[in-house]
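Only one structure is covered here, and it is reproduced in the block below.
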Amino acid sequence: MSQQTTIRKLAELVNTPVEKLLEQLAGAGMKFSGPDQVVTSTEKMKLLGFLRRTHGKSDVSVGTVREAPKKITLNRRRLQEVTVNAGRNKTTVNVEVRQKRTYVKTPESEYHTPTKPPIELADAERVEILRKLEESRQRNLAEQQRLAEVDRQRVEEQERKRREEEQAELERQKTESRVVEEILVKTDSNSVKPVSKPISEERTRALPRTVRPTPAARPSVSRSDDRNSNGGVRHKPRGSHVIVSDEDDSARRFVGQMHLTAAERARRGSNTRGKGGGSHRGATHRGNENSIRSSGAHGFERPTVAVVREVAVGDTITVADLAQKLALKSGDMVKALFKMGVMVTITQTIDHDTAVLVSEELGHKVTRASSSDFEDALLAHTEEVHGEPVPRPPVVTIMGHVDHGKTSLLDYIRRTKIAVGEAGGITQHIGAYHVETPRGVISFLDTPGHAAFTSMRARGAKITDIVVLVVAADDGVMPQTKEAVQHARAAGVPLIVAVSKIDKSTADPQRVKNELLTESVVAEEFGGDTQFVELSAKTGVGVDALLDAISIQAEVLELKAVIEGRATGTVIESSLDKGRGPVATVLVQQGRLKKGDYLVCGTHYGRVRALFDEVGHQPLAASPSIPVQVLGLSGVPDAGDDFVVVDDERLAKDVAQQREAKRRESRLVTSAGNRMEDILAQMGKGENQQVLNLLIKADVQGSLEALKQALVALSNDDIRINVIHVGVGGITESDANSAVTSKATVIGFNVRADASARKIIEANGVDLRYFSIIYDVIDQVKQVASGLLGVEIREEIIGVAEVRDVFRSSKFGAVAGCMIIEGVVKRSKPIRVLRDNTVVFEGELESLRRFKENVDEVRNSTECGIGVKAYNDVRVGDSIECFERIEVARTL
């Protein structure tokens, strides 16, 4: 480039249009009339500075004088010593406080508006360029004013928040200083004696934490901000750094470490020193902060007090879950339970009372947790009233001793022949029927009379309105008759006595009335309130009178129920049908049960797929007091469970699952207790007790329950009946595998094994027995149990000889001259020598003679000579017992 450079030539050098270069020169405050004018070096540098400022770069170039800096940052360091209390001693800590302040210079362009270049009216193009430049400058100025206003509002908002925080900080510091003084006073006073009163968690939480500078409260001006700033003014808010006093910082650390043990504080202190570096890094802020922590960490080593926790526990909880709630190790929880005498593992379940005791022993509190949300929702469903109660049919339960004619009476009323088809001629499950009579509909429940079906009869008495007690006129009052009276009284149900079999020649109805007087059942003719009806189920005599008595009693009771709305009731019997699945016989007590309803039944739920009455018809709905069979449940419910109809399947499923979880936890608690009881029992009884494992499958739930109770009751000190599994339905492959594993006897009551189960049973030699009568089950189990007991060896004395004289023999030694005073003495049997009724020797005969002849036996009132083998101390007056050992089969 030559010394004289024109605007046109400069535009060619920088590859910029001439018009744009003229605009840039005008923006830099230099006026030129045309592109042929000369541009000096000073004007070039001024244009370069303008362009740099426009594009956000510093106006610095080689060969020019550096302008004054726009920002100046001052750093100040101040060292001070802090004295920290460490128990009885005091420790001095060096603290370095750093302060940084930045001053920003405001450009003159914001205070002085650049003068407008004169406009030459002759040059129209220059006028247009200057007009555009003026508009651009005005827009930039308006934008800068808007941004300045936004910054001003933001600064005012930050200032307002800062003042509020300072006011709150003053209040917190007052509280902190007061509480810390109390803590330090207590700490100094307790340096000799142990801590007597723990600091509560609430008080610890009340301590304010030291406010540290946050990014929002301390905006720092970094080097990148200096380089990238567009000239805007950024003020640093006051109060962005809060100087923390030594006393407040040490008190904060002391409060934060109250829950740590001495070992944990030492370990934390060492980790802090390691992370912060050594003393050579103490000049840095992080190293200084960590050095303060590590120097004060050992200053408050005090005995700590355990935190008292309050946890909510339901009816049951596992040991591991309770330990987790109390923030303890599971092993420590097990040790605490062992000390209390409860031997459990971490996976076992304990009840609520045990959890309360062990938690109080460990210094914690336990409250009862409510886990019945779904049950409450279900209760709200049942409490809703759907309509006015209207009269309903009575529910009558037929009870009495076995073979007294209960089912025969129902057969005559229903015109059926059920008793003929029952196994053994006895009823072994509850039968539910409803009969339409001239006097209205009556629902009958036929209960078993065998002693094993006590729980069945108890359930029948609870859900009934009237109990008809059937007593045979020729047999009188029997044990199950007395039991039926007790069930009726326990349920508060009126009693009607039906004296059956009056057509027999040996019938004595008066005897029945007299015997029932001992059970406080007084007939009306004797001044009581119990109706007695004499009848015969064979001839039909008196049956109408019984129906009249039932109708009269029902009118007196004024039985009513709501017949619309959601149905509720009770399960009478349940079974597992191979083709239909779980089947439950239910008695509706309120509302109307319809097909498609969702219901909860114990731990099972489902949707009613079909309804069947006792004759196999499918009614559209079941009203109160009507028994029906329900199909569609998820499992076989227990007899006696209540059912409730709900709106949706979700609620039914939640309630059933919650009940199943509670039952499982309760079963775990019971089984754990039973295991410990079994261990202690085995320790006391030794190894003599035999165990008979049984696997029982039955057709209905009621029979299964009765079988289990009757068989378990056979256990005694010599043998224990252990029922490993019970279930409703046929014997499956899994049942057979369980029997093989546990070496159990399989009992099928009115059920059979399928093909796969039979194959496993035959291959492994499992004892499988089928029954249809409960008497046979009990007798067979007794025989099997007796076989396990083996035989018992008994000793039976067959003869006694009295020693009258003693002779000496060179061959046998001492020979006793005896008189047989009882029984017979045989040579092949063992003997005992008694002196003053005390056994002095037990052995065998070496010689038995009479008149110097060897004989095999000597009978009563006969003299003989007895030589005792290997015993020569026989004396006059001794007694010699001859006995034999016999084997006796042991029975239950």
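Glycine is no exception: its Cβ is also placed from the backbone N, Cα and C atoms.
Annotated features, as they stand in Swiss-Prot:
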- 144-176: region 'Disordered' (REGION)
- 189-298: region 'Disordered' (REGION)
- 207-219: compositional bias 'Low complexity' (COMPBIAS)
- 391-560: domain 'tr-type G' (DOMAIN)
- 400-407, 446-450, 500-503: GTP binding site (BINDING)
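Feature map: annotations from Swiss-Prot on the structure.
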residue	record	CB count, 10 Å
GLY400	GTP binding site	27
ASP403	GTP binding site	17
LYS406	GTP binding site	29
THR447	GTP binding site	29
ILE502	GTP binding site	19
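In the three-state DSSP scheme, LYS406 (GTP binding site) is classed as helix. The DSSP breakdown of the region 'Disordered' (144-176) into helical (H, G, I), extended (E, B) and coil residues amounts to 33 helix, 0 strand, 0 coil.
Over the domain 'tr-type G' (391-560), the average per-residue pLDDT in this prediction is 80.
ILE502 (GTP binding site) falls outside any helix or strand according to DSSP and counts as coil.
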